[in-house]
Amino acid sequence: MTFGSIARRGGGWLPLIGISSLVGALATLALPTVLGRAVDGVVADSATNRWLLLAGGLVAFGVICDLIDAFAGKACVASTTAWLRERLIRHLLGIGPSATKDRHFDVGDLVSRVSSNAVDAAHAGPSAITIGAAVVPPLGSLVLLALIDVWVAAAFVGGICLVVLVLRAFTRGTAVVFTSYQQTQGQIAARLTESLAGARTIAAAGTLARERQRVLEPLPELNAHGINTWRVLARSAAQAAVVGPLALVAVLVAGGLALAAHRITPGAYFAASQYAMIGAGLGSLTSVFGELARARAGIRRLAEVLTVDAVRYGNRRLPDGLGQLEFRQVGVRSRDRVLLDGIDVVLPGGVTTAVVGRSGSGKSILAAVAARLTDPTEGEVRLDGVRLSDIRRDVLRTAVACAFERPVLVGETVGDAIGLGRPREQTIAAARATNAHTFVSRLPEGYDTALVDAPMSGGERQRIGLARAWHAKRLLVLDDATSSLDVVTELQITQTLTASTANRPTRLIVTHRVDTAARSDLVLWLEDGRIRGFGPHRRLWEQPAYREVFA
Ligand SMILES: Nc1ncnc2c1ncn2[C@@H]1O[C@H](COP(=O)(O)OP(=O)(O)OP(=O)(O)O)[C@@H](O)[C@H]1O
């Protein structure tokens, strides 16, 4: 993502902004000449009406151009912002869970990038065009001044050079300050999001004051960047306020001398003074240059996200099969830590395998690798003989589904959260299988109850999460997904899960419960990221170390 590619995204609005800015600039340029003619008319006591009428027309035309410019500018920023946000969100979803884990983007920081930095970046096109069009009046003024008197033009060039120097210093200063400001803003947003996610824990621990302090810790830094922004703005405005009149005075003096020497007429002198004012007005462009600097800083922050590779999917479909899952020398490393090592095992299709082991032994990582929520750093995982990374995205997500200990429910209604767009009968069937149907039916509007109006217990959320994953055709991965259920409900669901009926997907169940392990066909016992044992529960049970896992 570059400045140019975003600037061009304005679509149909950009030519409109360009034309209105250019035509407005030409009207601005024509006005002093027309007024000069009117002045000469007054001095010569000849007819001035048509020149005054023309001047009025030019002023009205300029106002219309400004209005079009303002409207098209806002519309362009709005459409570009929408495009940027959609692209960013698509990309973030494409990166998957690692966007907020391994890549170290904090959720709050991402929100600030998607919300405010996208708007900043969207100003790229209109700002660049406004600045481009703003160069026309001073350049035109220079040409017209040269036609009036070459010495007046020379004085103008001297003044303009000073104005350009002021703008250059301003642009450099603001680019640095805006980048720092946006980064610090992102840090505060990230800390606030963390705090909101842990609001209950903070309230229970009575650490509100400390948390407030932690969230607001970067505030003085933000304040310093804010003050720096104003300093750069104020310094540039003050310099422009000095330099602008200087340019004007230089032209007036040179023009006055030319008038005294009868090289120019009073009308031309008047026009020259107006052109000098146009040139000096370039200093008022500091706000547009500020917008441009903010756009560049915003684009850099969006590009940081967009340069992270999204998960790549292959284009293979799955052959007929029962969901055989093969781990071939699978290893997962994070920096220098080995999280999974040399996992080499085949889980036959249609069977239920419990994954057990002490806390931190790598069960969740194994489940994530099996469902391709993360890719192994070594080895490969195959489903019915096809490498997971070669399978088409839609095929993979139909074949494999997961449920988690703390599911996040998405959608407008409870029915959406379960069905994710599938037909209602399938939603209800999944809810029945996971013991969610009864409590969902008791909600005020059943499956149509808005999620915000359906406060749920941990166990109820887990049942919705289970129902959501129930559509899995080949592989169902449950990562501690029944841990909050009462014993009876869990038993009912485990019975459904472990019942060896035909056409059931292969089931991989991460669990701490001995009952679930005992009901499963096979148990995969992990220790420190390696396989410690694999086989039926009753055989592993003979080993004291295995029994200790459940102690
Ligand atoms: N994204 C990650 N980056 C680095 N280390 C990680 C990551 N995810 C997990 N770990 C580490 O890997 C180890 C295994 O984690 P995992 O969540 O798989 O354990 P677990 O067996 O599921 O534990 P529990 O039973 O407590 O849920 C832990 O020490 C954990 O700190």
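The backbone N, Cα and C atoms fix where each Cβ goes, and this holds for glycine too.
Going by TrEMBL, these are the annotated features:
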DOMAIN    16-294  domain 'ABC transmembrane type-1'
DOMAIN    325-551  domain 'ABC transporter'
TRANSMEM  12-39  transmembrane segment
TRANSMEM  51-72  transmembrane segment
TRANSMEM  142-167  transmembrane segment
TRANSMEM  240-261  transmembrane segment
TRANSMEM  267-292  transmembrane segment
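Most Cβ pairs under 8 Å to the transmembrane segment (142-167), among the stretches 12-39, 240-261, 267-292, belong to 240-261. The recorded stretches the transmembrane segment (240-261) and the transmembrane segment (267-292) share 3+ CB pairs below 8 A when only pairs 6 or more apart in sequence are counted, and are therefore in contact. Through the fold, the transmembrane segment (51-72) approaches residues 13, 16-17, 20-21, 23-24, 27-28, 30-31, 34-35, 37-38, 41, 126, 130 of its own chain, all at least 6 residues removed from its boundaries and within a Cβ separation under 8 Å. The average pLDDT computed for the domain 'ABC transporter' (325-551) is 90.
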